[in-house]
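**Q** Can you keep this structure in mind? I'll have questions shortly.
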Amino acid sequence: MPKFSVQPSDTVANEGDPVILHCLAEGDPLPIIQWDKNNELNGFNHQRFKVLENGSLYATEINADDEGKYGCTAGNSGGLRRHEVSLIVKGPFLLGVHARRRPTLRAAATALINILPQILKDYTSI
């Protein structure tokens, strides 16, 4: 029966980041590792997810749809072992505006005006 030497653990990651869920098993014969998402075998995007040679699951860039329960199953002729973990994806930080308040922009300006004095005598320039 396979035995986990490294079990995956619950993971929290930011949207857009890469993620590795580690899973390593030993046994005789050497177990084969398979991953599932929400109990669906290979239920993840194969363009962004890859099972590495050591059995870990690597995602190049996660998004909100990747959140869920991931199961690592190690199997050989002696039987199967499965360990399930959660992947939580935190979305990007967004700055919101309250619906009841209008956004305002405060600005200030300074003007510099040069005035040249004129000397007049009987309304005529001197």
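Cβ atoms are placed via backbone N, Cα and C, with glycine included.
Pulled these features from TrEMBL for this protein:
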{"type": "DOMAIN", "residues": "2-86", "note": "domain 'Ig-like'"}
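Describe the structural context of these features.
**A** Averaged across the domain 'Ig-like' (2-86), pLDDT in this predicted model comes to 94.
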**Q** Can you break down the domain 'Ig-like' (2-86) into helix, strand and coil residue counts using DSSP?
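**A** In the domain 'Ig-like' (2-86), the DSSP-based counts are 3 helix, 45 strand, 37 coil.
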